[in-house]
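Annotation source Swiss-Prot lists region 'Disordered' at 1-44, 157-305, 521-541, 884-912. Annotated compositional bias 'Low complexity' per Swiss-Prot: 8-21, in sequence order. The feature phosphoserine is assigned by Swiss-Prot to SER9, SER13, SER15, SER16, SER18, SER39, SER166, SER181, SER182, SER908 (among others). Annotation source Swiss-Prot lists compositional bias 'Acidic residues' at 166-190, 216-229. Positions annotated as compositional bias 'Basic and acidic residues' by Swiss-Prot: 199-215, 260-277, 885-898. As annotated by Swiss-Prot, compositional bias 'Polar residues' applies to 521-530. Among the features that Swiss-Prot reports, phosphothreonine is placed at THR523. Feature annotation from Swiss-Prot assigns N6-acetyllysine to LYS642 (among others); the stated evidence is similarity to another entry. What Swiss-Prot records for 672-848 is domain 'PCI', and it gives sequence analysis as the kind of evidence.
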Amino acid sequence: MSRFFTTGSDSESESSLSGEELVTKPVGGNYGKQPLLLSEDEEDTKRVVRSAKDKRFEELTNLIRTIRNAMKIRDVTKCLEEFELLGKAYGKAKSIVDKEGVPRFYIRILADLEDYLNELWEDKEGKKKMNKNNAKALSTLRQKIRKYNRDFESHITNYKQNPEQSADEDAEKNEEDSEGSSDEDEDDDGVTAAAFLKKKSEAPSGDSRKFLKKEDEDEDSEESEDSEAWDTSSTSSDSDSEEEEGKQTVLASRFLKKAPTTEEDKKAAEKKREDKAKKKHDRKSRRPDEEEEDNEGGEWERVRGGVPLVKEKPKMFAKGTEITHAVVIKKLNEILQARGKKGTDRAAQIELLQLLVQIASENNLGEGVIVKIKFNIIASLYDYNPNLATYMKPEMWQKCLDCINELMDILFANPNIFVGENILEESENLHNADQPLRVRGCILTLVERMDEEFTKIMQNTDPHSQEYVEHLKDEAQVCAIIERVQRYLEEKGTTEEVCRIYLRRILHTYYKFDYKAHQRQLTPPEGSSKSEQDQAENEGEDSAVLMERLCKYIYAKDRTDRIRTCAILCHIYHHALHSRWYQARDLMLMSHLQDNIQHADPPVQILYNRTMVQLGICAFRQGLTKDAHNALLDIQSSGRAKELLGQGLLLRSLQERNQEQEKVERRRQVPFHLHINLELLECVYLVSAMLLEIPYMAAHESDARRRMISKQFHHQLRVGERQPLLGPPESMREHVVAASKAMKMGDWKTCHSFIINEKMNGKVWDLFPEADKVRTMLVRKIQEESLRTYLFTYSSVYDSISMETLSDMFELDLPTVHSIISKMIINEELMASLDQPTQTVVMHRTEPTAQQNLALQLAEKLGSLVENNERVFDHKQGTYGGYFRDQKDGYRKNEGYMRRGGYRQQQSQTAY
């Protein structure tokens, strides 16, 4: 029979086990007769009685505690989750809050959380270091807390005016409540449930109640004043229980707080309360003094908890070990064996390798060992990010540059060291100074990987931030390292390696405009001083000479098509960038790249598209609008210029590829500082199309089958015509459309004002290196094409027109007008003749007028209508109908309507 079904306490059951009969619990009996016949575990769970207010407020305080912990560790995602739960818990407690008022601790957490989020939001550096989830949660939570706090605006304002007072009021209120409850217990000499309730952590369970120590009571004396009212004498309780043996008493009465009955007990309790109040007052008075001392003591220093300030260096070798080449190489191989394995600390591995270099240099083990370890350090830095799309951190990137520079210093200082990827590890010579030192490794591969890492850094940095500018400054170091490796490989490398490093040098040179060389071309040598000439000589060769030298070497020595193709495209791009149109065009035509570029890999195709665009812009600067239009036609007509130039992905095409393909294509994008301005590109294309299309439309206005030179230009014209209300142009496209309409009328001044104005200068024309020359060229082209359009449009109106009049109208000199009209007459575009003595253009009027053109069109349409009707009638009558019998099959002999075929046949017979 279980002991837990006995009546009385544990002590009773223990003492009377042998001598007395156990009282059994009747099956199916009335439980109301023995309401507290419970086991110890049931006692612990059922004796805690809490009000609804306590339950709701405890739930709120637990959530607030979790939020504050998350705030300490800057876990904004956790803060967001707990804040949403806090709002729901507050909604459940709404009925209690309406009666009691909004608790102060709730207002405090709302105010503190809002201040905390504002502080995080203003910390720009901290936001950059946040992960994606925390950054997203910060934005969401900041909006939610601002919206939520509007309902508590007055409470938060009162709290912020005196936050300390609010905190003290809460503490005092809690103390008064606890003291008031204890006083009531003393006066009433009664027992309430709240008088003996304790937290689970404070309530001992099982037999441990008998063995509570005095130290436990001393530790909890400051937390609650209820401890003094508990009966500390276990012997008295035991004796009481012995006296009550055999009675069915309530077990909870053993744990009820007893009211002090004697005067001594009352005095002791009163003294304890006074001591506690005094301690509290001392703490309050001591707090401002401590704050002043802290402020005077200097600035605070933020430290990471749990991390020792002085980090001990890892021990590489046991104490007393002799450091030799074999020991260091063995240790190096041990470190490298963990490379790439799961769970390997890559940062610690890099640190160990750096420490190994330091040990090797301190023990004078030779440069060969140091070079080998340096190669592995750089390789470990590249392997730090296993994900291909992840770019290097700034500190790792700087460490990589420094390490490569140190490696190059060693190689240049020790010509007897030979490095190469074809050297086997068994044939390495790291310490024998009598023979040349041989180390396995490829410096060219390291530099190519460094260049790729630099590209990834630029791709993943916000191009409109100062951080991008700071990273772009590192290109000078990258170019310097490439130049040093170039000099090293020119002495000791193979032809293939030299071609590869030359291509790297070309890729960092081809897109840069050489302003110094351009300035020297504008300034004649006689006009420059001697110091300027000396400075120009010291600066080295121009970029044009450098590109010529590097590319010619690749043309002659390279055996791979890819390197030669890239070199040709970069060379053409550089020529076009510096307005050497004919050299760039001839090189493109001689290379025949346009015939087989579709078989090249995507990065080379992107480079080809960039080169063609730059070639078209160069032709436009030279005034060759037709060549410019032809070069830009393929890129602009596709509507995917941004994607074809590697400057971004289109949203509509994102749905056509999966996530992996998107990542691959994003890695192909060129960095922002290599981008070509797409608005400038479109403007150049549309202006070129306007200068070609408007005169052509005027010359073939009556031709129903005229072809379109540029579909995109016609599309922009149709969009402009569909506008119900035309206002002044705002965008670049609207300016070009408005200029086209003016050119149709031969109004070159209005056309000029739409193409060249302050807004267009800022958007397009000022971006050219020689902006004034481009604007002058544009004005001249607009005047010439407007003259051609005017003659095509109004030739039917004039019998003759003076060239001087045309010269005055379009502000062109007379020889230019004469040249334009002569070309039009020679090409049979204008049916006229020049009268040299009078300097007039005599129109021949062979072309039909507009009214005659309309009449001819009407006649053709009527003729086709009659023929269609006759065919329909023949089909209805059948082959043996009366029509064919009466006409004697004349229609089938081409003697139908107007007998045109017969007349022409007869005319041709008489010609013979």
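Each residue, glycine too, has its Cβ placed from N, Cα and C.
Between the modified residues THR523, LYS642, LYS642 has the most other Cβ atoms inside 10 Å of its own Cβ, all protein chains included.
Within the model, the domain 'PCI' (672-848) carries an average pLDDT of 89. When secondary structure is read from DSSP and collapsed to three states, LYS642 (N6-acetyllysine) falls in the helix class. Reported as a whole number, the C-alpha separation between THR523 (phosphothreonine) and LYS642 (N6-acetyllysine) equals 38 Å.
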